[in-house]
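*Asks:* Starting off with a structure, shown below.
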Amino acid sequence: MVKHQPLQVYEKQLFVSFVTGIYGCRWKRYQRSQEDSSRWECTWFIILCSSFLLVLFWAYFWLVAQNDFNEFNWSVYNRSGAWSDETIPILAPTTVGFSYITFLMILALFHISLGQQLNLYWVHKIGVLATLFTTISGVVSVDDIWGDEWDILLVSLQSTAPFLHIGALATVTAISWLVAGYVVRRDRSNFQVTVLVIYIIILLAVYLAPLTFSCPCIMDRHTLRPRPDIIGRRGAPMLAPENTIVSFNRALQNGASSLEADVTISVDGVPFLMRDRTLRRTTDVGKVFPARQFEDASLFNWTEIHSLNAGQWFLKSDPYWTVETLTARDRLRIGNQTVCSLVDMLRLAARANSSALLDIRRPPPEHPRHRSWFMDTLWAVQKAGISPKRVTWTPDTDRGRVRGLPQSANEKLSLEEIRQRGITSLALHYSKASHTDIQEYLAHNVSVTVSAVNAPWLYSVLWCSGVSSVSSDAPQVLRKVPYPIWLMSRSAYRFIWLTSDLVSVALVIGIFCFQKWKMSGMQNYNPEQIVLSAVANRTNRDLNVMKEKLIFSELNNGLSSTEDISLFPENGYAIYSQGGLGD
């Protein structure tokens, strides 16, 4: 009885060796003892694909969430009490993980296209699992700290959906080469049929996806409304400390037509500008009043508040990475800023012939001005000398006492509620203002101000939607957007969509036909043709696979030998089997 060792085939192919070396740490030469990958390695390929899709989703989320990076840092600050740029510890590993997983994914697809086994090296397996668990942990953490931000994904699709569709179409079309190579084999199995059905379903879903798109910028150019006004939200906080005179000046210099500020009432009835509940983040209260740094900002009197420095924190923390762009004169001016009063801000708006939007925080119940906060605000408006019609505030409470000043609701309301309250404008977060809602409000003469808009793509989407104004932390960025980033007529997009689908259908059908023809040619090889082809030095990958099958078939048919067998050495192959006699 003759025993044979497993057949081994060594291929001297530089590219294959490079791919398998990085993916499976097999650098010297490729060793194949079976045609298909094991189930275990296929499972790891599925894990790799799942990791890639999750990391791709995670990277896309942070790409569009750049609009709200400062909001994220502020949310973390409210929980931890310490201010820092928390996006860096997230973006750095996300970039590394995405690059790493994408590279492995490309190598895996090369393995499949070349007919090689998917033997992922154990180090890469650890790396894939580490990236997967890190990403899952990040998703859970963001959902806990910043759960409302997921809405930006749906909003971003209004801008990116047509381009993502083209990318998805190109991807599924390219994958058809691998799917076709797998399902056109002679020995058809149920799993192959399942793979084909799933692929067809995915293909149809991608083809018909534009039916679900709602993109405001797919419109006729002549229906585009005027450019939305830009409101400096707390001034220009990327260029100067928020809610300070220098910040509002920079906003006006960068094209802001209006100013927005957060108003708090001091214990002696002076309205001043402060976003946080305490003074810790934006002043040196910890140095001047260390025992009171955790007190509510409204429990200080104006003399105490005005004695605090409101600019040094900006120079030290550099929240937007913009301090290096400032001149020495700008830094000196910023370093001497104090907390700004409402009167000073309104006087600046009056001199610039601008308007103001005030977000007033009502004092707590124990505050001595809890009931008279609106009178304090009216007093500041009158003292500033600005026309009451140019000052809008939220929330729209105490309308019976406040006369002459327009009030805006900061919540989404029905048209009936708007009429009952006598409201003429709404100040909404971008996630609450859908394209349909904006069109309905505009049709009933209700203006809509959307916040916080810092990214050009979001500004373009809202411009196409028809909003009258946007509130922004970055007026210096939006002023450089003179026209929507992209604008396309419905007929033009319909033509691009249908043409792309038809080209994809033609390519997929052609690829399947070619793979079927190529496999038919391989199945018609006989041993004599293989030998003649080898002698003529006409080797290729498919022929090499048939050579291996031929040797396997000869062994299975009872070929016995106690010697090493060497075939086609001139073509880069060393095929051998070792055996011995046994009982």
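Cβ coordinates come from backbone N, Cα and C, glycine included.
Just so you know, TrEMBL annotations are computer predictions that nobody has curated.
Reproduced below are the annotations present in TrEMBL:
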TRANSMEM  42-63  transmembrane segment
TRANSMEM  90-110  transmembrane segment
TRANSMEM  122-142  transmembrane segment
TRANSMEM  162-184  transmembrane segment
TRANSMEM  191-213  transmembrane segment
DOMAIN    228-482  domain 'GP-PDE'
TRANSMEM  495-514  transmembrane segment
*Asks:* Does the chain bring the transmembrane segment (42-63) near the transmembrane segment (122-142), so that three or more CB pairs sit under 8 Å (pairs 6 or more apart in sequence)?
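*Replies:* Output yes: the transmembrane segment (42-63) sits against the transmembrane segment (122-142).
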*Asks:* Quickly jot the same-chain residues contacting the transmembrane segment (90-110) by Cβ under 8 Å, restricted to those at least six beyond its ends, or write none.
*Replies:* 19, 22-23, 45, 48-49, 51-52, 55-56, 58-59, 62, 116, 118, 120, 124, 127-128, 131, 134-135, 138, 178
*Asks:* Mind looking up the mean pLDDT for the domain 'GP-PDE' (228-482) in the predicted model?
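*Replies:* Mean pLDDT, the domain 'GP-PDE' (228-482): 91.
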